[in-house]
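Listed features, source TrEMBL:
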| type | residues | note |
| --- | --- | --- |
| DOMAIN | A:74-286 | domain 'ABC transmembrane type-1' |
| TRANSMEM | A:12-31 | transmembrane segment |
| TRANSMEM | A:73-97 | transmembrane segment |
| TRANSMEM | A:109-134 | transmembrane segment |
| TRANSMEM | A:140-161 | transmembrane segment |
| TRANSMEM | A:182-207 | transmembrane segment |
| TRANSMEM | A:267-286 | transmembrane segment |
Amino acid sequence: MMKLSAGDKVLQVMIYAVLLLLGFITLYPFWNSLVISFNVGSDTALGGITFWPRSPTLDNYEVVFRDSRIGHAFLISILRTIVGTTLSVLFTAILAYGLSRHELMGRKVYMVFCIITMYFSGGLIPTFLLLRGFGMMDTFWVLVIPGMISVYNMIIFRTFFLGLPAGLVESARIDGCNHIGVLTRIILPISGPVVATLSLFTAVYHWNDWFSASIYINDTRLIPIQTLLKQILNSNIVTDQLQKAIGSSAAAQDRLALVQSVTSKSLIMATTMVATLPIIMVYPFLQKYFVKGVLIGSLKE
Amino acid sequence: MVVPAMLFIFVFSYLPMYGVLMAFQDYQLFGGFFHSPWVGFKHFEAFFNSPDFWNVMRNTIVISLLKLCIGFPAPILLALMLNEVRLMLFKRIIQTVSYLPHFLSWVIVGGFVGSMLSTDNGSVNMLLMGLHLTSEPISFLSVPEYFWGILVGTGIWKEMGFAAIVYLAAIAGIDPHLYEAASIDGAGRFKQIQLITLPCIRPVIIIFLILAVGNILNAGFEDILILATNPILRDVSDVIDTYVYRMGILNNRFSYAAAAGLFKAVVSIGLLALANKAARKMGSSLW
């Protein structure tokens, strides 16, 4: 350990202070929203809610979970994340495996063909019209299929596959394994960290994406949670309707209490927390992977 | 095995490129690309002459420049500061916290921003009033003057920690002997940052700077759609991408919107080439 001079000590203290402040600013909005989501809405409206709930309640969550649309949207998001991530990672890996094989004729051409799409695209409007032309509007698949092959992820996979010892694949081929078998039984199992990282990034994308559903989907039964949340944030009318819907389904005496204590702000915060929860829950387990993933991704530059 | 994937890329990435041609047509919904009349540069002219053009261009450029000038150095600064921290536990906690917002959707971030800034006892207004800096709650998200600041600040809040990962890795790769030698020569930590750390991570910084310049017309899309819900803000919030979205998807002016989008793509590619040329003069380049 090097000795610190007086100037260095001042610098250290300043850095710790700034970092603490940054940490606080980063965490505070979460914490405050969480607190508001557990506080009686009519009480929150009086102000002063910062670090702790003043009158704790689960009413906001009760309203959120009683609303069938939110539960349904949550399921759609989970389904989309699972199906979308599995398909995307699998097909991207298949393509990457193919392009990593030296016996493939014209693989340079194929690579260029893929890479061009990273820099040029038709843009929002032509893509929208194409998908509409295919009749994919208002289907579950429009959320999953168009983004199934990620060229960026493919390059990361391919770079990793190229680094594996060639003898591995050759011996499996000699033992009579076909390419699909080689990929699923040998290559993918030993590519753990890459598969985990790319799955994580793909899953986060699918969970968080609200925009594609907002333009391709009108059918309320197919709206994912983030898109629904966006709609709720944009209009207080929706939350009013939500409260009324709850009011009519609950027993008469609960009804009045619920509608009085829950405000649109507390409702929005509870819904936001429900949409955030899955990410917060998996986050601690995934941290070590994504740091590695970012570095694998940036190696290519 | 490769062929199905290639077909797939062809269908979902190349077919839309062909669709770019509709910027030169009067696109008819029922005629499609093949039966719509060609009109040359009509839609481009309409876009350049429209009263929105200068406004949209100004917002696009100002917002991107703000993001570049403030948002680009922020993660470098964070990485430099984290690198000075000796308490490993403290460092790890701050890092873990700083990544977190990257994994949230813009919708959720928008919910937080709305709640923090709300006039209805939002934390920021409570703080300002508690410090007697203002007597009335300020409705931040409906004052055009504040919008750029909120947009850039939120973007930094969301992405700074995650972007710092690469710089931290680059710093970790620096030979520790360099620091020892500098310290023996009497350089303090501040001098060491200036004379060793920064020059050593310069190539990484330049590569990311080129990428950022190539993105200069991507002023934002999701963030603006989420944060600028109040139509009062349109004069300061409308950028090319949101304009394309509004004209094309919401107003069904497909050809006009495609022309605006194509204009943006062409300018972006030009900027990327220029940035790369400049970087090559500085000794590193993308290709």
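Including glycine, each Cβ sits where the backbone N, Cα and C put it.
Sequence-distant contacts of the transmembrane segment (A:182-207) (same chain, at least 6 residues past either end, Cβ-Cβ under 8 Å): 77, 80-81, 84-85, 88-89, 92-94, 97, 143-144, 147, 150, 153, 156-157, 160-161, 164, 168-169, 172-173, 226, 278-279, 286, 289-290, 292-293, 296. Beyond the ends of the transmembrane segment (A:109-134), by six or more residues, the same chain brings 95, 99, 142, 146, 151-152, 154-155, 215-216 to within a C-beta distance below 8 angstroms of the stretch. When Cβ-Cβ distances below 8 Å are used as the criterion, the transmembrane segment (A:73-97) is approached by residues 114, 140, 143-144, 147-150, 153-155, 157-158, 161, 179, 182-183, 187-188, 191, 195, 198-199, 202-203, 206-207, 221-228, 274-275, 278 of the same chain, each at least six residues removed from its ends. Listed as Cβ neighbours of the transmembrane segment (A:140-161) (distance under 8 Å, sequence separation of 6 or more from its ends, same chain) are residues 76, 79-80, 83-84, 87-89, 91-93, 95-97, 99-100, 114-115, 117-118, 127, 131, 187, 191, 194, 198, 201-202, 205-206, 209, 212-213, 216-217, 222, 224, 296-297, 299-300.
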